[in-house]
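Pulled from TrEMBL:
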DOMAIN    70-105  domain 'EF-hand'
DOMAIN    154-189  domain 'EF-hand'
DOMAIN    191-226  domain 'EF-hand'
DOMAIN    233-268  domain 'EF-hand'
SIGNAL    1-20  signal peptide
Amino acid sequence: MSSAQSFLLLLALLVACSSAVPTEKKQRAVDKGLSDLEHEEDGDHNADYDHDAFLGHEDKKTFDQLSPEESKDRLAIIVRKIDKDGDGYVSEDELKDWIQYVQKRYIINDTDRMWKDHQPDEDNMLTWPAYQKRTFGYEDDPNEKGSRTEAYADMINRDRRRWEQADKNKDGRLSKEEFMDFLHPEDAEHMREIVVMETIEDIDKDKDGQIDIEEYIADMWPNRENAEEEPEWVKSERKQFVDYRDKNKDGKLDRHEVKEWIIPEDFDHAKAESRHLIFETDSDKDGKLTHEEILDKYDLFVGSQATDFGEALTRHDEF
């Protein structure tokens with residue numbers, strides 16, 4: 001949701017004098033991966049992405065800086081959990097399973113929190129009118145003339161479209177499992193077309209249904225007006241667009257090309273991240289990690305702040 005849309009939503013809610021809780025921004029799949037953060041930042045590897053992938057970044061909580069000794073002690077607890085067979089090594093599969101678990105835990109916890117907040121009915125189902133009232137503050141049709149601003153109606157219609165796609169049995173209500181698909185469409189096979197549509201709508205400023213190279217760069221580099229010259233990582237992204245993203249070389253990304261960009265069928269985020277962590281940590285290059293190798297590179301795995309590391313270790317019984 002853009003800042004302008006957020007302002008319009010807030011204004012409309014104030015006018016309606018409603019106690020509704022606005023819906024949270026639902027990240028595009030291209031933003032999601034294993035973290036809301038980019039894996040590369042200004043052309044350099046972003047270590048915070050690794051921290052999110054390995055530990056999770058639930059609720060965006062920030063914790064006080066830990067000493068190296070405390071970090072290692074707490075990391076050792078997690079490493080023993082990852083080493084499922086207890087052989088003293090963390091394999092690529094064990095590390096991948098852990099990363100997938102962390103990601104799934106975030107999705108489940110987020111769904112649990114939002115499900116309780118939206119107060120399902122006596123059948124433990126959630127209806128669209130109840131969701132719309134709780135999220136936007138009223139139940140009437142946003143498309144009725146004079147009902148609400150155009151931007152406000154667009155937001156509701158966009159949620160409604162996603163809702164109908166998540167409603168597998170088409171009964172007009174969402175179960176908790178369907179609500180999970182609604183909140184996190186990037187993780188559900190049947191929601192992928194919705195993710196592609198929303199991505200194009202967010203980036204396609206001239207509304208021609210496609211993404212040209214300037215729209216592509218503007219989305220990745222929103223503060224470009226303040227820069228004196230284009231940094232190298234932006235030049236690299238331009239080359240990526242021309243050489244790899246734009247398959248038919250027409251200067252724009254259509255729906256099929258956007259889908260290949262944000263949801264590549266042959267790419268496994270967890271596998272790629274586990275291989276990256278092993279490559280950076282495996283000092284003897286045997287393809288697996290000893291507990292000592294991980295602890296020696298503790299900062300790669302846990303960082304020092306802006307992660308939920310301290311919180312995670314207070315919940316170590318959940319691992």
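A Cβ is built for glycine as well, from the same backbone N, Cα and C atoms used for every other residue.
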Q. Under DSSP, the domain 'EF-hand' (70-105) has how many residues in helix, strand and coil?
A. 27 helix, 2 strand, 7 coil
Q) How does the domain 'EF-hand' (154-189) divide up by DSSP, counting helix, then strand, then coil residues? A) 25 helix, 2 strand, 9 coil
Q.
For a three-state summary based on DSSP, what are the helix, strand and coil counts in the domain 'EF-hand' (191-226)?
A. 24 helix, 2 strand, 10 coil
Q. What are the helix, strand and coil residue counts for the domain 'EF-hand' (233-268) according to DSSP?
A. 21 helix, 2 strand, 13 coil
Q: Tell me, roughly as an integer, the mean pLDDT over the domain 'EF-hand' (70-105).
A: 90
